[in-house]
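Okay, structure first, notes after.
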Amino acid sequence: MAGDHFCQVRYGEKYHIGEGPHWDETTQTLYFVDNIAQRVFSWNYKTKEVQKIQLDKYVGFIIPRANGGHVIGYGKTISTLDWNTKNVSLITEVDTNVVTNVNDAKCDTRGRLWFGTLGVEISADGKGSLYCLYTDGTVKKHMEKIAISNGLAWTSDNKRMYYIDSIPGKVYGMDYDIETGTFNNEKVIIDFKAIGTLGFPDGMTIDTEDKLWIACFNGGKVVRFDPDTGKQLQSIDFPAKRISSCCFGGPNYDELFVTCGRTAAPEEELKKFPLSGSLFRVTGLGVKGLKPSVYEG
């Protein structure tokens with residue numbers, strides 16, 4: 001599947017590294033971040049209005065909060081953001097002895113916030129970790145020695161959880177206990193290094209058939225995988241190389257919103273892919289996504 005199924009959503013502005021798209025059903029709005037530029041954005045599906053807030057730290061993600069406002073990854077903290085006042089308030093700080101930033105995050109269906117970190121200086125030995133912020137405000141570390149913590153997803157029955165560590169190119173699958181918010185039996189189910197042609201796995205989403213859609217950074221694609229077999233089922237090519245993340249949205253959850261970046265791209269790459277850093281919308285996929293959860297704490 002190629003270019004006739006996508007369009008550029010946001011004209012004019014290019015993002016350093018667009019990331020973390022999240023569809024808000026209540027307002028029919030897409031939220032996303034430009035983490036290097038330290039900005040958060042909203043794009044209204046009906047009016048096409050774009051709003052942005054300039055912050056002053058790395059922003060890993062933005063997700064609505066059930067009791068109002070949003071939670072964001074802000075430096076090495078999880079904080080709240082009031083969209084109207086632009087006020088940021090601390091919830092918790094992690095990795096106090098390591099120089100990291102909070103990166104990608106998702107909520108499970110009970111409203112727990114799963115998030116990970118990455119080292120400010122990226123290294124294969126892994127300065128990052130995977131955490132969960134529970135709805136009572138407690139934080140627990142679940143994995144460590146992560147290079148770049150990225151995509152998260154759960155199956156529709158909540159029995160399986162998926163997680164990406166980008167630099168080693170590993171997509172993990174694990175058994176998930178929705179009652180306790182814990183996992184076990186984690187193992188690598190897709191190895192991008194073994195595939196060798198798709199770049200690095202970055203952000204990820206899941207459809208109603210429990211198939212994974214993985215953004216291929218430096219691969220210029222979003223690929224649909226069967227997590228049980230590791231088989232590639234579908235591929236979307238983009239006029240940009242550094243595809244960073246994706247999420248389903250739109251009134252029927254049958255549109256795929258895709259972010260990408262342009263930071264550190266050589267001039268030759270930007271000439272070949274002038275839409276690098278754009279936000280794309282893909283239609284006609286024949287599948288639908290699941291309604292995303294929000295933070296319930």
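We count from 1, first residue shown onward.
Backbone N, Cα and C define each Cβ position, glycine as well.
As given in TrEMBL:
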ACT_SITE  ASP202  active site, proton donor/acceptor
BINDING   GLU19, ASN150, ASP202  divalent metal cation binding site
BINDING   ASN103, GLU121  substrate binding site
DOMAIN    17-260  domain 'SMP-30/Gluconolactonase/LRE-like region'
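With the fewest other C-beta atoms within 10 Å around its C-beta, ASN103 stands out among the binding-site residues ASN103, ASN150. Counting other CB atoms no more than 10 Å from each candidate's CB, the recorded positions GLU19, GLU121, ASP202 peak at ASP202. The recorded positions shown are GLU19, ASN150, ASP202; of these, the one with its CA atom nearest the CA of ASN103 (substrate binding site) is ASN150. Distance from the CA of GLU121 (substrate binding site) to the CA of ASN150 (divalent metal cation binding site) is 16 Å. Shown in sequence order, GLY20, ASN103, ASP104, ILE148, GLY151, ILE164, SER166, GLY203, ALA215, PHE217, SER244, SER245 are the same-chain residues outside GLU19, ASN150, ASP202 whose Cβ sits within 8 Å of the Cβ centre of the divalent metal cation site.
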